[in-house]
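Written out below as structure tokens is the structure these notes cover.
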Amino acid sequence: MNIMPEHKLSSVAPLNQCNAEKKEVELILVKDQNGVQYTSSSIIPSPSDRVGHIGTEDNRETWGKKIDFLLSVIGFAVDLANVWRFPYLCYKNGGGAFLIPYILFLVIAGMPLFYMELALGQYNREGAATVWKICPVFKGVGYTVILIALYVGFYYNVIIAWSLYYLFSSMTNELPWLGCDNSWNSENCTDPQFHKTWFSDVCVLCFCRRGVLHLHESRGIHDLGLPRWDLSLCLVVVVFILFFSLWKGVKSSGKVVYITATMPYVVLFVLLIRGVTLPGSMEGIKAYLHIDFKRLNNLEVWIDAATQIFYSLGAGFGVLIAFASYNKFDNNCYRDALLTTSVNCVTSFFSGFVIFSVLGYMADKHKVSIEDVATEGAGLVFIIYPEAISTLPGSTFWAILFFIMLLTLGIDSAMGGMEAVITGLTDEFKILKRHRKLFTFATAFLTFLYVQISRVFLPLQGGIYVLTLLDKYAAGTSILFGVLIEAIGVSWFYGVDRFSEDIERMMGFKPGLYWRLCWKFVSPLFLLFVVIASTLTSSGLKYDEYVFPDWANVVGWGVAMSSMLFVPFYAIYKFFSLSGSFKERIGYCITPEHEHHLVAEGNVRQFKVRPFFLLLWI
């Protein structure tokens, strides 16, 4: 009879009485988390199999209810871009024909990446950084996505503050962007009811650029001016909303999303009912749904579809990993991935009817074509839509309703980004976990403090230029790069076969061949395509007619590189911080931490190379 070495036996069965007692406790924990009554300890996975859900975070909190998790994920994924970007892209890129590449990329990349992150977080029960105990050399990508989430919070919170400012401004008998006799109006201001072309000095444009942003007091990104006290105050309110939503973890944020995740759907439905009753609305909807298959010959259409599906679902920001880490171990994250990605994309398509019914009305009112009023981004929700609302009976009510929708769309997405930062760092540094409330306040306050001290933000007179820069560079190529490395790390280094076994251990079934092929081949190739395409099609920064100086683009790339460099720098640090031969160090870098004893024996799973044709078996 062969006797196994003691260190191997210790990873399979207890060697003393103390460990035997620990085994019994683990059996109880499995019963609590999986809801299954086990009668034999032989069916409990060994410590080497149970990578993280027991033994690392036995007392980790979980969502109060399953619906809390679903609403949180949907609330994060459904954000302002669903309203102000997708409808315009669909209209610009062939209408209904745009849905072909959009749905294709959803199926071959969006859903698989979404599913992968949910499963990764749920199985390991860790945030974006510590989840890489499965392949330590890739831990740098965890810090990359955490830093990106923090960068996005810096400017996304200010966009929410905009919405809050407009909401407060709408609480009057007459909307402030009506009429040309206000202090912020220019000498050339034109009342929209007498205005026959769109982009000019109409009242609502004056209110946005001069009354809110004070752009007329800034000559460019080099001339940012002083902080605006009114926008700064709105930002303080946003920061406190985020803090009180997150300070108790998912127990508190899971309740807030009952309002923030559902309110946008109620408002969208009400606005749609009102929109379709307006004259010209059907022409707008027809323009939105027109089908032009010839546009599919244009590479730009496919690039737009690929980038939109990626950014819309929100993979790569560490949020999905963080949210899923608070799930029960046997939660069906496969079903969750299918449900939430579908809801997100249907919401994008549905919002197009809301937007284009109003754009059709505006085109009819000003006797111009849809093309003259169709736009995307902040101009759509802070200029065009408010002008349309101001012409309706009961305009104050519709304005309040619309900006409440924008506020709730932004809040739950901002909550997700901040939760990714908090979970990622508290899992890495236990002292932060012990003082989560204080750390949550510090993180929320940092987004405000950075804005004020650095004097480079939206409450400033020229802050829109900084927002434009960060929007392009802080979470542009860098987030694409981060998710590409993440997909490679999970699929090729940790291994799709092992990842599939983890999923089977959680839910009782293995992912099908389709999902495994997507994870190993299709999704990485998709991300590589998007990274290359976005880099090649990248151009210098512009905001309306203002062209950013070359040094601003250099600063932007510096912001992007500040997060991306965590990947190679941490890999180098990890390699040189280990002891052993070159091959042993590589083995430690790419082997899950709980299997490091195998490296000492020269038994590194990743060193076993298979013939290419066997890869199809994954």
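Glycine is no exception: its Cβ is also placed from the backbone N, Cα and C atoms.
Copied from TrEMBL, the annotated features are:
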| type | residues | note |
| --- | --- | --- |
| BINDING | Gly75, Ala77, Val78, Asn82, Ser312, Asn344, Leu409, Asp412, Ser413 | Na(+) binding site |
| DISULFID | Cys180-Cys189 | disulfide bond |
| TRANSMEM | 69-87 | transmembrane segment |
| TRANSMEM | 99-120 | transmembrane segment |
| TRANSMEM | 141-168 | transmembrane segment |
| TRANSMEM | 229-247 | transmembrane segment |
| TRANSMEM | 256-276 | transmembrane segment |
| TRANSMEM | 309-326 | transmembrane segment |
| TRANSMEM | 338-363 | transmembrane segment |
| TRANSMEM | 397-417 | transmembrane segment |
| TRANSMEM | 438-458 | transmembrane segment |
| TRANSMEM | 478-496 | transmembrane segment |
| TRANSMEM | 517-536 | transmembrane segment |
| TRANSMEM | 556-576 | transmembrane segment |
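Among 99-120, 141-168, 309-326, 517-536, 99-120 has the largest number of CB pairs under 8 A with the transmembrane segment (338-363). For the pair Val78 (Na(+) binding site) and Cys180 (disulfide bond), the Cα-Cα distance reads 36 Å. Spacing of Leu409 (Na(+) binding site) relative to Cys180 (disulfide bond) is 31 Å (Cα to Cα, whole number). What surrounds the Na(+) site, by Cβ distance within 8 Å of the Cβ centroid and not counting Gly75, Ala77, Val78, Asn82, Ser312, Asn344, Leu409, Asp412, Ser413, is the set Ile74, Phe76, Asp79, Ala81, Gly314, Thr347 from the same chain. Packing around Ser413 (Na(+) binding site) is summarised by its Cβ count: 27 other Cβ atoms lie within 10 angstroms of its Cβ, all protein chains included. If you take the Cα of Cys180 (disulfide bond) and the Cα of Ser312 (Na(+) binding site), they are about 38 angstrom apart, rounded to a whole number. For Ser312 (Na(+) binding site), the same-chain residues 6+ apart in sequence whose C-beta sits under 8 angstroms from its C-beta are Ala77, Ala81, Asn82, Phe86, Gly110, Asn344, Cys345, Ser348.
Comparing the recorded positions Val78, Cys180, Leu409 on other C-beta atoms within 10 angstroms of each C-beta gives the minimum for Cys180.
Residue density at Gly75 (Na(+) binding site): 27 other Cβ atoms are found within 10 A of its Cβ, drawing on all protein chains shown.
Sequence-distant contacts of the transmembrane segment (99-120) (same chain, six or more residues past either end, CB-CB distance under 8 Å): 90, 131, 296, 301-302, 305-306, 308-310, 312-313, 315-316, 320-321, 323-324, 333-334, 336-338, 340-341, 345, 349, 483, 486-487, 490, 499, 502-503, 506, 511, 515, 518-519, 522-523, 526-527. Proximity of the transmembrane segment (517-536) to the transmembrane segment (478-496) is established through 3 or more Cβ-Cβ distances under 8 Å for residue pairs spaced 6 or more apart. Outside the transmembrane segment (256-276), and at least 6 residues removed from its termini, the chain residues within Cβ reach (under 8 Å) are 68, 71-72, 74-75, 78, 245, 282, 285, 347, 350-351, 353-354, 357-358, 361, 392, 398, 401-402, 404-405, 408-409, 411-412, 415. With a threshold of 8 Å between CB atoms, the same-chain residues lying at least 6 positions outside the transmembrane segment (397-417) that come near it are 72, 75-80, 82-83, 149-150, 152-153, 156-157, 159-160, 163-164, 166-167, 170-171, 175, 238, 241-242, 245-246, 253, 256-257, 259-261, 263-264, 267-268, 270-271, 274, 314, 317, 319, 322-323, 381, 385-386, 389-390. Listed by sequence, the residues of this chain that lie at least six past the ends of the transmembrane segment (478-496) yet keep a Cβ under 8 A from its Cβ atoms are 113, 116-117, 120, 132, 134-135, 137-138, 141, 144-145, 148, 310, 315-317, 516, 519-520, 523-524, 527-528, 530-531, 534, 560-561, 563-564, 567, 590, 592, 605-606, 618.
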